[in-house]
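Input: a single structure, listed below in structure tokens.
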Amino acid sequence: MKETIVAQATPIGRGGVGILRVSGPLAADVAKAVVGKALKPRFANYLPFKDEDGTTLDQGIALFFQSPNSFTGEDILELQGHGGQVVLDLLLKRILQVNGVRLARPGEFSEQAFLNDKLDLAQAEAIADLIDASSEQAARSALKSLQGEFSNKVNQLVDGVIYLRTYVEAAIDFPDEEIDFLADGKIEGHLNDIIAQLERVRSEAKQGSILREGMKVVIAGRPNAGKSSLLNALAGREAAIVTDIAGTTRDVLREHIHIDGMPLHIIDTAGLRDATDEVERIGITRAWNEIEQADRVLLMLDSSDPDSRQPEKVRSEFLAKLPSHIPVTIIRNKTDLSGENEGVTQENGFTVIRLSAQTRQGIDLLREHLKQSMGYQTGTEGGFLARRRHLDALEKAAYHLRQGHIQLTEFRAGELLAEELRMVQSHLSEITGQFTSDDLLSNIFSSFCIGK
């Protein structure tokens, strides 16, 4: 028999309204015990909430939702009373006196909604993301995920893969039917379409992950280029020590900031040069480790340094060591000394921003550039939010699609193509929860609020 669970749905502490939520087969029994009568589904009732001996604990609104027409798909009772924590604790204690009712685990209401097919896994995760959203756009994107936008894109991919699997496996299982998919250009065409479609979803998911988790921006460059001054300017405080001595920063410095609500992880690193000092060499090694994991790199150049007036050499030396997939923005700092005008230009495929970290002139240009790099939009449009596990699943699916394409075009191996397509379907289905381990479900829902 399914269990009946209860939890406080509003935050712990004082408030105007406090809500307790009950879900499960005993929800109607709890209603009779607390308000003294059966409740008509989907009608608000203003009633006293009573203790076991009949004394009134509080009075408020009682709502009953009958299975399957509820958030969890089970019978649900909501008691909306006053928001004092003592009153809510007394009412919670009263509900737990009903035999068979227990406290809910974190995220258990959403888990029940998932298990009862009221939500898929990506939609359930979007509930927590909507609650935790730190900007208007993150909230709108989480809502789109909750409404199924991400899931619909994934399901379209799954449908395409299933179609291919059906075609390929039929040809393998029934060779007498003369379905020669190896010589059929349509199958390769469909496979290419799915690969392109998946890449578009991966790109959107990457942007959605940045909205949720923040973009990691690493400030890199030669010593004394003004990296620490730029960190301080973006952070709005003296987070890093700044001196005229080259090599002042020996270790990695991190600051978490928001630009119009968009989360940003700014990382200041040691100046890049051939160092003889052991401590500085360690700092430079750590700097490159951070650079290789960045979502974007700000390459700092000292515009007052004669060498930086020909930045191609500095840039080429740096880019030669940088992974090609990491975007780079070039910052020409110290315009107050060089006399260059603050502004943004496009040069040789790079965005170049001229500013002075010391005087803060041009910093707003950099802030706007970072916002746009993160996908900031002022309107109501926006994509979906994505989590790291979603990106991992999409990456694995993309890998097996590429392998399947090789099996088809180079080796004409039908059985191996079918197996790669099976793996693609499995990884995509992990996102929505069609094929998901119990351990993964436990980890996901345990991070939710109690009462959600």
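Any Cβ shown, glycine's included, is placed from N, Cα and C.
Sequence annotations record features per position, and here Swiss-Prot assigns K(+) binding site to Asn224, Thr243, Ile245, Thr248. Secondary structure at Asn224 (K(+) binding site), taken from DSSP and collapsed to helix, strand or coil, is coil.
Taken from Swiss-Prot, the feature GTP binding site applies to 224-229, 243-249, 268-271, supported by sequence analysis.
Look at Swiss-Prot and you will find Ser228, Thr249 tagged as Mg(2+) binding site. The Cβ neighbour count for Ser228 (Mg(2+) binding site), using a 10 Å radius and every protein chain shown, is 24.
Residues or ranges marked as domain 'TrmE-type G' in Swiss-Prot: 214-375.
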Determine, to the nearest whole angstrom, how far the Cα atom of Ala270 (GTP binding site) is from the Cα atom of Asn224 (K(+) binding site). 10
What is the number of other Cβ atoms found within 10 Å of the Cβ of Lys227 (GTP binding site)? 32
Cβ contacts within 10 Å for Asn224 (K(+) binding site), all chains included, total 21
